[in-house]
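Taken straight from TrEMBL:
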| type | residues | note |
| --- | --- | --- |
| ACT_SITE | Asp415 | active site, 4-aspartylphosphate intermediate |
| BINDING | Asp415, Lys416, Thr417, Glu513, Phe555, Lys578, Arg609, Thr689, Gly690, Asp691, Arg801, Lys807, Asn831, Asp832 | ATP binding site |
| BINDING | Asp415, Thr417, Asp828, Asp832 | Mg(2+) binding site |
| COMPBIAS | 1146-1156 | compositional bias 'Polar residues' |
| COMPBIAS | 1189-1205 | compositional bias 'Polar residues' |
| DOMAIN | 44-98 | domain 'P-type ATPase N-terminal' |
| DOMAIN | 131-204 | domain 'P-type ATPase A' |
| DOMAIN | 854-1106 | domain 'P-type ATPase C-terminal' |
| REGION | 1132-1156 | region 'Disordered' |
| REGION | 1186-1205 | region 'Disordered' |
| TRANSMEM | 71-89 | transmembrane segment |
| TRANSMEM | 296-319 | transmembrane segment |
| TRANSMEM | 350-369 | transmembrane segment |
| TRANSMEM | 918-938 | transmembrane segment |
| TRANSMEM | 968-990 | transmembrane segment |
| TRANSMEM | 1002-1024 | transmembrane segment |
| TRANSMEM | 1036-1060 | transmembrane segment |
| TRANSMEM | 1066-1091 | transmembrane segment |
Amino acid sequence: MGMDFSTLRTLISRYCVGEENWVDSRTVYIGQKEPPPGTEAFIQQRFPDNRIVSSKYTFWNFIPKNMFEQFRRVANFYFLIIFLVQLIIDTPTSPITSGLPLFFVITVTAIKQGYEDWLRHKADNAVNQCPVHVVQHGKVVCKQSRKLRVGDVVLVKENESFPCDLILLSSSREDGTCFVTTASLDGESSHKTYYAVQDTKAYNTEEEVDTIHATIECEQPQPDLYKFVGRINIYMENEPVARPLGSENLLLRGATLKNTEYIYAVAIYTGMETKMALNYQSKSQKRSAVEKSMNAYLVVYLCILISKAVINTALKYVWQADPNRDESWYNQKTESERQRHILIRAFTDFLAFMVLFNYIIPVSMYVTVEMQKFLGSYFIMWDDEMFDEELGERAVVNTSDLNEELGQVEYVFTDKTGTLTENNMEFIECCVDGHVYVPDAICNGQVMPGAATMDMIDTSPGPEAREHEELFFRALCLCHTVQVKEEETVDGIKHGIHQGKSTSFYISSSPDEVALVEGMKRLGFTYLRLKDGQMEILNREDEIERFELLEVLTFDSVRRRMSVIVRAGTGELYLFCKGADSSIFPRVISGKVEQVRARVEHNAVEGLRTLCVAYRPLSPEQYEQVCHLLSGAKLALQDRDKQLAEAYDLIEKDLILLGATAVEDRLQEKAADTIESLHKAGMKVWVLTGDKMETAAATCYASKLFHRNTQILELTTKRTEEQSLHDVLFDLSRTVLRQHGGMTRDTYSGLSSDCTDYGLIIDGATLSAVMRPTQEDSNSGNYKEIFLEICRNCSAVLCCRMAPLQKAQIVKLIKTSKEHPITLAIGDGANDVSMILEAHVGIGIMGKEGRQAVRNSDYAIPKFKHLKKMLLVHGHYYYIRISELVQYFFYKNVCFIFPQFLYQFFCGFSQQPLYDTAYLTLYNISFTSLPILLYSLIEQHINMDILKKDPTLYRDIAKNSLLRWPIFIYWTVLGVYDAIVMFFGAYFLFDNTTFTSNGQMFGNWTFGTLVFTVLVFTVTFKLALDTHYWTWINHFVIWGSLIFFVVFSLLWGGIIWPFLNYQRMYYVFMQMLSSGPAWLSIILLITASLLPDVVKKVLWRALWPTTTERIQNADKLYKGQLSEFTPLASLHAPPKASSHRRGSETQRNVQNPQRSDTFTKKLMFTRWQRTPDYCTFTPLLRFADGSRNPRQGHTYNGAGTETSV
């Protein structure tokens, strides 16, 4: 049977839903029309509809799926088992004691998660029900977006978003182009040009479009935004004409149509197959490091519990080996009990002990933690310092589960455009032949401040220089791809070109170009329009000059320059070229190179984006040659890009240098200050951007991510073309490790002068090669490891030309590296969503680029500067609070249950409870729960201003330092000690049986109540000792809890309750309080329990204080005014190697304030000396040190220059 199985498989897979991945390409029938008979087989493939789904649950699967997720938590599953055991066998305590808290936890969590998912459903429905215009049978029909199908022809009007991925067929513009902004996809708010298919661009009405007969063959959907391969077969008189399709024909879902009245396009990828949807990560449940620690501790306590139950069960049978003890005369066994097998009896006893001791596992801790996270998240939302008046927005919390994770961040991954920068370009200056021109330096005849040292336009020397200057201005007015849009109001602001004339403004694929053209306008040369191949300029004399545009040699990232060839009105031919200094200077043969180079370097250091401008006059013969070269390259089908690059290389040579420009992408307010604070706090900041390398690097310098002395290491396509990737990686690795002698950045002192600061720049293409190495190379396996090693030793990393999914890959690479650091991603566009979802904590910025990032983030803030307070203050507080909450819960439950364990040795292991059922149930729910909940909401161990001023305090809590095993063991041992003191203290103080003065006997319930009273007071006082920040609420809750316990006990034992089947507690509490020895023992035992902890604290603070404790002591000494006038560095413990890593850089950068950051030098002086003594803080040092001689080597790491104290 000679049939080809591959053909059969293709046919089957095309017909079968869900088997789409068998076919490596898809055929789309435009307008759902069949091709003419005899051309090819008509096989309609199945494609998904245009529905987008970001929600996690449906109405039907919510309960089972949510229950499954909740019972995956160790504690919840454990309490379910205990609850079932209590229902099945006869146990010492009631099933309600564990069933009720469990039900409460599960319900609260389910409601919270259900509400969050309902919000996601709402957002999805808004998108899916959006109206879309579709051409059907020559008419435009309105459909819901979700009903759109592959092959439908769609009409999109100006300022509308594309509902799915489309191929452009025709547009309202004659040349068949349209302009698009892709801000929500790759963060770039500039206008990009897309092209219609040549053969269909003339079809401009619904009727005409409906007559198009064509099929499109293209690849199956893939996430790369910048890549697309396909072809269109157009049937003219039944003869198909094939035309190639590329990414310039593909309009992506989420992008917006601009400056074009309408377009017709055909849908090729819909719904979850669009490139935007493929770049989304699925939303997985994020869990914080604290929750993982809690689960680990829970397992330890579970082991303690099981071992207690096993010991007691074994000892019970040892005790009962004596027949007199096994069956006393007053407690005879039944016949069925005697006949039961010993193993079954032992197992039942084991379970009964498990239930009796089960309170050592605190179920209420999970309720308290949930409430603490939920209520605590409101403090971020209510924070007035994180309110932005310009946007009218506050910070938003989408997930309260990760509050404490904000205090543990080690890596910050940030987007650039719109996150670090405002995405507004501003023309600063230009330099022609060494003369600097600043727009608006002369205004109404007045020289403006700062302009005195500049060369003014009016004072340009000599006629030749004047000619050069005008040529420079004309070059910038002509060498660009800017569009002019007439009569437009944007956000109610009119963009005018010339006062009194028709208003219009510039748009371009590059915001830099717009800034340059607008800068020229301010210097007297206005670009008017491009009409019929003629570029029109309005010069200083208000005359219109026309230049015929002959060729545009477009910009590309390898050449890093662009050129135009124009013919002036006088007939002269010019080639104008502008580009990066590194690509222009080598091609220049004359001009004032040195003066211009000096100015370019000066501006680059200031973080400005610089471009050089040059020209070359062409003779008609030279122009003929150029035309011949270009047309040959443009028509090539094979290696077209390569041939064009060679042609451009031959044309752009022998240039004459005119000058250079400087443009600033304004940094967001306080962006540099925020990055510097994050560095001081021990975090590593990476910038991940889709932007060009030069642009991104300039921003990194301006935002103080890179410093002047940072040695830049490049891992880019340009370098890997010269050397193999393997060699480049090993070179960089050697460079970094030679300097650091094999030590990672974190262990190396940043203060030593010979330490070089490294910054790494990597681009998307090279990253792909590192992540997906070739199989033949024997060393390929460890590329990732080498790359990570290089990154660890760099103080800052810049990744440019990143696709959205690559951003997520980088975050994942760091997240899963062997140290498992906590990562945070922050961005403002849809292109940042995948990295926001991948990082441990995702933060969205409410920028200009849509709301996608904000919707998918865990937290949203109005501006980048708010990140500083969010991490250094809120994150710090949340972590301190929750770590105390967790340790305290385990501690108070050990104190609670260990006496119960000891009691079994005195009651014949009969599972007799020490405490009454009411006490067992209410201990965690009401007697001790509110004080710790309140502590975990409002505790501030250090003043907020101090935390902001001294970021290095953040290092004290890094790497989950407050939930480490030694601290956990200390709390547990403290709990066991307190329990032993309480139990044996009560036992020995009342060794004799007479208890009260009237000779009444001392019963077991009185003994249990005495132990319980001491217990409640001890654990509450322990929390009071740990509280640093007292408010009336603390006092009310702490003392109120103790009063409530006393009142409850009096009521519970003071009345005969009719609904109880026992009255064992009647009058017990009153009788106990009527005895003098009981009062004495309560006071003695509470003191004895708390004493060791108090002594330990006092000794530790006196002998080995932490930085935090030094600052607390100083703050008390100066009555809370410390933050106003104290240099915090003077309070630091002797600096560890890493704690002032960036100190020397701060010092070196003070003399060079960035243009974007208005730099204010601060002077501080101490209040406590007669004469102001700047930057010498002897009193505080003496206090911090305990000696009169100030310690050497302290550095003040504040705003000014570092001074040794």
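Each Cβ is built from the backbone N, Cα and C atoms, and glycine gets one as well.
Sequence features, as recorded in TrEMBL, placed on the structure.
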residue	record	Cβ neighbours (10 Å)
Asp415	active site, 4-aspartylphosphate intermediate	30
Thr417	ATP binding site	29
Phe555	ATP binding site	18
Arg609	ATP binding site	24
Gly690	ATP binding site	27
Arg801	ATP binding site	22
Asp828	Mg(2+) binding site	32
Asn831	ATP binding site	32
Asp832	Mg(2+) binding site	34
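A gap of 10 Å separates the Cα atoms of Asp832 (Mg(2+) binding site) and Gly690 (ATP binding site). The transmembrane segment (918-938) makes no contact with the transmembrane segment (1066-1091): fewer than 3 of their CB pairs lie within 8 A, with pairs spaced 6 or more apart in sequence.
The list of residues near the transmembrane segment (1002-1024) in space but at least 6 beyond its ends in sequence, with Cβ under 8 angstroms from a Cβ of it, reads 888, 891-892, 895-896, 899, 903, 907, 912-916, 919, 923, 927-928, 931-932, 935, 978, 982-983, 985-987, 990, 993-995, 1038, 1041-1042, 1045, 1049, 1064-1065, 1068-1069, 1071-1072, 1078, 1081-1082, 1085-1086, 1089-1090, 1093. Within the set Asp415, Lys416, Thr417, Glu513, Phe555, Lys578, Arg609, Thr689, Gly690, Asp691, Arg801, Lys807, Asn831, Asp832 that the record links to ATP, no two Cα atoms are more than 31 Å apart, and one pair reaches that distance. Summarised by DSSP class, the composition of the domain 'P-type ATPase A' (131-204) is 7 helix, 35 strand, 32 coil. Against the transmembrane segment (71-89), the recorded stretches 296-319, 350-369, 1036-1060, 1066-1091 differ in Cβ pairs under 8 Å, and the greatest number is found for 350-369. With a threshold of 8 Å between CB atoms, the same-chain residues lying at least 6 positions outside the transmembrane segment (350-369) that come near it are 73, 75-76, 78-79, 82, 85-86, 89-93, 98, 101-102, 104-105, 108, 294, 298, 301-302, 304-306, 308-310, 312-313, 882, 885-886, 889-890, 893-894, 896-897, 900-901, 911, 913, 920, 923-925, 929, 932-933, 936. Checking the binding-site residues (Phe555, Arg609, Gly690, Asp828, Asn831) against the residue listed as 'active site, 4-aspartylphosphate intermediate' with a 10 Å Cα-Cα cut-off leaves Gly690, Asp828, Asn831. Across the structure, Asp828 (Mg(2+) binding site) and Thr417 (ATP binding site) place their CA atoms 8 angstrom apart. Stretch with the largest number of CB pairs closer than 8 A to the transmembrane segment (1036-1060), among 296-319, 968-990, 1066-1091: 1066-1091.
Summarised as a single figure, the pLDDT of the domain 'P-type ATPase A' (131-204) averages 87. Helix, strand and coil content of the domain 'P-type ATPase N-terminal' (44-98), in residues and according to DSSP, is 28 helix, 0 strand, 27 coil.
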